[in-house]
Structure formats: C-alpha cells, structure tokens
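All remarks here apply to the structure that follows.
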C-alpha cells in the first residue's frame, strides 16, 4: 500500500468518524496517529478537538479538574504539541505551495503538449481526476444523510480498516461506541468484500464522474419510483373503492330503471284493459238495442188495455239506454284522460280506477233494482217466482264486484238486466217510445239467439252455485279411495265461482280431500292444482292456492306436509317471479326443518326445481346455506337427493363453484377440528388426533361424498379455463404431459386447475392427520376420491402432480419439475418438520399414498416397488428395528381393505417370511395378524397359515411368539374345521417346549378367539388349562407364577361366558378352578372372588363339598360354610328342596341346571356387589316368610 493510498484511506476514516459523531473513536485514532508519527493525517483531528466551538475551554477545564494529573507534564505535552503543530502547519503550507506549482506546470505542459508522451498523458489524467474529484465532491454533496444499510456497511468497513492498519485501541473504542450493530457480523450484501475500504477507494478512483452521477441518479430515480408506486397503489385502492361505490349506484339505478319500466308496462296493460272494457260496453250497448227491438215486438201484442204500463216501461228503458250512453261517453272520456296522464304515479291511477269501478257498480245495481221495481208491478205469478229464484244469485254476483275486472262487472250486470227485461217482456206488450223505427225480421231472430245465450250463462252460474253448496256436504260421504273422482267438480267450482270466500272454502276442501294421501293420490291432487293454476292465472294462484299451502305446513300428518313440499316446486311456475324467491322459498326453508324424512327429501327435490325460476341471484347465499344444511342431514335419503339433484342445480344456477368448494373444505376441516383431542398430553401424537362423534363422523363422510360429486364440475371448469387452447383441444378430457410442461412454465395463471393440488390435496392431508387409526371409513372415502381424481384427470396428472404432493407430505423426496416455480414453496410446505409430524405423516398420509395414489391401476408396478423398498429394503438397511414399524404395518393393513392388492401383498410377505432378517420376520407376522380380518377362509388356508407355520418353526423366540399372536387372530375370525385343526396342531407344537413365555402366549392368543371360535377350540383351551393347573408350577418366581395364574383366570372367565358342555364343566372347568384356588400367593383377589362365584354357580349351589375341598388350603372353612352352607345366606335353594348329600369330589356331583343367564356371566365384573345383592335378597325373603 503506497503512501498516497494510505493517507487517502486514513482521511476517509477520519471524515467518517467525525461525520457520524464517533468522537471517542476519533480521539483514540488521533492518539494512535500521533504515536505512529503520522501528524499529517492527524491535522484535521487536532483542529476538530482543539476547536472551542466543539469543546469550550471552561468545560475542558472543568473536566481537567476532575482528573489527577501532573501540570508540568501536561504543559510539556502542550508545548511539544504546539511545536509539532507549527511544524506540521509549516510543512502543510510548503506542500500546498508545491502542489500549486506542480499543478501550474502540469497545466502548462498539458496545454503545449497534449499528446506528446505517456508521462504527460498520465499527468493530464491525474489532473483530470482532480477536476473530476472536485465535480464529484460538488455532485455528491447533495446525497443527503447516510441510510441505515449504508451506515452498517461503512461501520464494518471502518472496523476492518482499523484492525488491518494496527489501530487496535481505536478499533476497541469503535466497538464500544457503535451500540446498535454487531460489528463482528457483516450481513451478506454487495458491500461485503475483503479489505472493503480499499475496494471502495479503487472503485472511486476507477469510476468516472458521469457513471457515478448516473448511478446516483438511478438510485434516486428508483426511490422516487418506489414512492410513486406506493402513491399509485394508494390511488388504485381509492379507485377500486370508488368503483365499488359506482357499481352499487349503477345497480341501484338499474333496479330503479327496471321498476320504472315495469310500472310503465303495467300502465300500458291497464290502458289496454280499459280499451277492452270500452269495446265490451259498446258491444253491450248493441245488445241492449237488439233487446229493445225484440221487446217492441212483444209489446205490440199487449198494447190494448195496457197503455199506462207501456209508458212506464218505455220511460224506464229509455232511461236505462240513456244511462248506458252516458256511461260509454264517460268511459271514453276517462280513456282519453288515462292516455294523456300515462306518466302519473301508479297509486293515483289505481285509486281513480277503483273509484270509477265502484261508481259503475253502484250505478248498474241501481239500474237493475229500478228495472225490477218497475217490472214487478206487472208480472204474473210465474214471473214473480222466477225473480225470487234469481235474486240470491244476482245478489251474490253483485257482492263480488270488487274482485272483478271492470269489463266483467259490466258484462254480468248487462246479462242480469237483459235477463230480467226478457222475462218481463213475456208479459208486457207496450211499445217503446224512443223514436226508433220498427225492427226487421232478421233483428228479431238475432235478439232471440242472444237472449237464449244469456239465459244459458245465467243457468251455468246457478249450476256452479248449486255445485259449490253441495260439494262440502257430499265429500265426507264419499269413500276415501274414490274421492279423487270429485276433483273435476271441485276444480270447476273453484275456477268459475264468483265469490272469493266460497272459492277459499273449496280450495281448502281440495287440499284436505284425503286425510293421509299416498303417493298416487298426492300426484292426482297435485296435477289438479297445476291445471287449476294454469286456468286461473298468477294472481289467483298467489291469493288462493299458496295460502292453503302455508296453512298445511305444520299439519300433524307428514303426508299433508309432503303435499305442500311438492306444490312449492310445481306451482312456482304459475306465480310472479318475485313471489318465488320470497314466499315459496320461505315455505321450502321451513319444510327443510321438518321432522319427517320424506318431507325434507321432497323439500330438497322441489328446491332444485325452484332454482331455475328465480328472477335473480339475491338469495344465492341463503340457498347455499340450505344446500349445506341438507347435505349434512342425518337421513341418507335426504343426502342422496341433495347430492344428485340439489347440488348440481345450485351450481348451474349460481355459477359459484369456487365459493362452494371453499366453504366445503372449511366445513370438512371444521367438523373434525371441533372434536376433542384423543389425548390431553401436549406434544404427543394422540394430542393431534381428534375423537369424532357420530354426528361429526357423518358430516365429514357426506361432505367428502359431496366433494366427489363436485369432481366432474371441477374437471370441466379446468378444461374450459385452460389457457393453452391448442393443446387443450387435442388432449380431450385428460391432461397430457405436454400440457403439464406448458403449465410448469409459470407464464399464465390457471386457478381452476391449481385448486386441486394447492387447496384440495393439502386440506385432505390435513384432515387425514386429524383422524385416528380406527376411522377407516373416512380414510376409505378420501382414498376413493383420490382414485376418482386420477381416473378423471389422467395418468400424467397422477404421475407428475398427485404423486409428488403425497410423497412430499410423508417426507420423501419428489420431482417438482411439472410445478411452476411460484408454488414450489407451497408444495414443500407440506413436508413434516418435526418428529411428531413425521410420525403423523406415516400414520395418516402413507395409507392414502399407498391406496389412493399408488393404488391406481396404472401404478401397480410402482406400488410393488415402493412396498418392497418400505418393508424389505428399509428393514435390511437398518440394523435396529424400523422406527415407525407400527405405523407402516397399519398403512399396509389399510391397503388390504382393497381386495385387488391382496396377491401383491402376499408375494412381498413371502419374501419377508423366508428372509434371514429377524426384524423382517417379526414384521411379517405382525402384517399377517392385521390383514386376517380382510381375507376369506380360502386365502387364510392357502397363504396365511403356511406363512405362519413357517414363522412358528423359526428358532428365534421373538419370531415364534409373534406368529402365536397371528394364529390367535386367525382363530378369532375363522370357524372352518380344517383351519381350527391346523391351529390346534401348531399350538401343540408351541407348547411342547414347556417354556413359560410360550404357554402365556398361546393362552392369551386363544383367549381373544373364545367368544368367536368353535366349541372344539374352546374345549382344547380348557383342557390345556386343566392340564397346566394340575401340574406344579415350573418356577418359584412369584411374578412369573402370578402372570401364569392371571392368564389362566382370564381364560376361565372368558370360557365361563360361553355355553360349555356339562362334561367339560364337570371334568375340566371346576377342577381347574379348584387347582387355581390352591395357589393363593399368586392369585389376584379379584380373580379369586370371580373364581369362587363361578365355582358356586357351575356346581349348582351345593357348596358343602366345595367347602370341604377348599377348607384345607383356605383356612376359613367355618366362614365359607356359614356363607354357602345350608343355613347360610346363599345356601338356600329357590325351589325349597333339601340340599343333596355331601360328596367327596365335585366330579361326582351331577350338574343341575344353573340358575343363571349368559348376561350375568358376561357382566361378572362387579362380583362383590352381585354377591352382596343376592345375600340381601335372601335376607329379605327369609324376613318376609
């Protein structure tokens, strides 16, 4: 390092320390520079520390007064420093003068000889560097204060320089002064280089001012761009909020516009109705004129002698005609006003129309009564009878004027008036005095036809009235199975009757026609309701049919509620759209809460029919909530209907598959996570597993079924949204390798495709890690879903997407080539990170990998290879037992639930059986034990038993004992005589060596099979127990004797709960119990009490002989005799017979039928309470006697 470079670096460090206020380090550096004799570099430090503005003299004197020092030495040091300072100042001036002279000479030489020699060029370059350096100083002055990262890098670089330069005291002071940074750790930044300060120096010298300024400008521009980017992001958020507000306003305006359009359309319809009413009035006027002409013909025959009556009739009829003309004119004027006021509010128009209609009705009624009053004075008895019969009908018709359209009211009133006039015309022959010419003959014929038509219509209304009155009286007397034959009459009466209350009564009769209608009868009633709704229109369907539905919704009979559910879907088509998603949806929602399964099933079916008729999507989230409620219904029928009909209908209607999938996964995980953990011990595997209740298990199962049902929709959406159209057209419905390669490029987004391996698979893996080992049904459901995915998405997807995800989830290495780099972190995040997580992955995820991914038909060879590596190679490589052997065995057991894998598994098991590795043989025995429940008798005879026999003949005791447990599992599940005989032969072989461990293993293996096996194997076990108990114990060790006796007692108690033959009880069971009772030191008190009770019950109640046998070794003969003897608490027989004579041995006692039940034998756990309870009953009986 030359002098110039060294001085430059030192000056750089001095400037940095002073600028950053590291004063202690600068002061220490000053002393070390002075000690090194480098006064030239210490000049600035001297000036700084001697500046009174920085260090006032009074303050320094105060500090000096605090220290104890020699004034003489300080004075000498001061004088020496002043001398050095003067010398240094003098040298500095000389140096500066020399520099100026050199610069002047160089400038002159450069002016005369710009390109003369290399040395001159070097000088000019140096001079240019000085100028550039000056420019840099000028341009760098506006860099602003140091940033945190720049300060940290410079701190480390200065520390490094101080150490390399030998200024260790300064470095130590610098360490103490920099308190917010660890100077020993330099973060890996671009500024972190060895000998950093020199590198910065060289970089500074080698760079041009333009490059430096450009870089600084770029940095400043980058900062400005970052600030601008933040500002733009903020503006973007504001714009998005404004856009949402604008969208809301647009939606509100759109709805308002639709309402206005609808209002306008309603007004146009009303105008059309009024036009039609005007046409009807004109037609009625013409009919009246024809009627008047016909009356003239009749009046002329009665002119003589009836002139006063004729004048009255003429006056009335002329008045009626004038009124009709006035009405027509008023209607025309109102039509014109309605056309002119088409934009007026709807309510004002409706009120004016209602007023006009009521006025018309009142005027017409007045006219009719006036006609009847005038004519009634001139009719004979016959006409009076007719009028009296027609009066109620006319009153009924006029009372319903408020519910009819204006043209209907006018028409009916004209019909009634014309009918009355026609009736009176038969007896009145006065001529009309209205100035009209005499009618022609054709007009007379026409008037006769019109009159006949009016009379027939009036007769029809009378018939409807009679039918309506009679039906409620007829229906109760018709047989229930034949009441549907009345439906045409009921429908006709409801459709045509003018009175609303009568129609309501008939509609009520329609819905209550049959008390509990069956499916066929409900279908007939429903068809009638649909036809009626078609004929009467939307308004009457809403006001007459739907209220009846609502009344039946809480009926006590579910058949009637079922009728309501069916009507919701079928009548929705005939009501207004706004009624469908309000009233009808409310009815369906209440029916979904019904207690009847068939009602909820019908509600789900009809909700699916109702959705396409909804006018908008306002009620989507409510419908989605109802769908999930029905999916989790406790009834399988309701769930099946929901999955097959309602779920597809909701997806097709709402087109929100992504939202449904998101809610579905959250429901699946939430149902499991809400359950309590298997264990409360923190940090254990069981604390991560959850105990599912029946309801939660059902919910998870049906939600997984729903996920499987949604798979076609997910697959279809992935195909439709494929961003590679050319490849997707050629691939069909499967995802090819070429398509996956394009996807792995990561250039486009494909969320519908990524949902499966980013959201779905991780959620299912998380669910599997919550399920205990016994939840095979749910694990099987997940496996079937994975198999369905592989079948629908193709082999390439299975190989390159599904398999890597599951391999990473269990902790294995996987090829992520076909995943975009952006989601590698998501997939790698599935890898277990702790020992507990690894064990959970092996326990819960490995079964899914084996059965759901590698279990696919196309992966058979890979499954064989993976299992062989897992079971065979993994055991061979490890000298110690496999760490997670139990979890691996359970995973293979789950794989055996799929019968198609049995052959492959047995081939691998044979490799393990014939292996020389002890651990592999033990694993084979454990595997054979757990897969026994999933095979049939043929497979057990041809594969399992030969393998177990081979393992049972092994010299290693651990292998042999493991095979004994497997033999017990085979005996537990198969009752085949040939299998039982093979087990007996093998058990005899195990017992031949007479070892304690073999005996205990055989007895406990067969105890498990006792409740399920044949009588032959029970007798075999009982005989072996009797044989072992008669022989003296082979060991004096109390613990081994106790273990042996406990095993025998457990076997005897299990055998006692079965139906043993009498000879076996007499010759084997009772002696074995007596032999066990002899060894009190090894016998547990609970076993002792149970054996005594079994002995008493199996001996038929005669315990005197038993007490003699037991007396010698129990030492409580008197107590046993008093307890079980003739006068004891338990010695009395229920039958009252005298006790039999005592016998020497229990073998000689004939076994009477034991007064006990099998339930008592099984529930013999609480023996003391049973004994006391029986004793108390005996005392109560004796006291009562």
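Our numbering is plain: 1 for the first residue shown, then up by one each step along the chain.
Positions of Cβ are set from backbone N, Cα and C atoms, glycine also.
What you are looking at is a predicted structure, and each value in this text was computed from that prediction instead of being measured.
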Stretch carrying region 'Disordered' according to TrEMBL (options 55-84, 85-114, 115-144): 115-144
Residues flagged as region 'Disordered' in TrEMBL, choosing from 416-445, 446-475, 476-505: 416-445
Of the residue ranges 209-242, 243-276, 277-310, the one that TrEMBL records as coiled coil: 209-242
181-208, 321-348, 349-376, 377-404 - the one TrEMBL records as coiled coil: 321-348
Stretch-averaged pLDDT - the coiled coil (209-242): 81
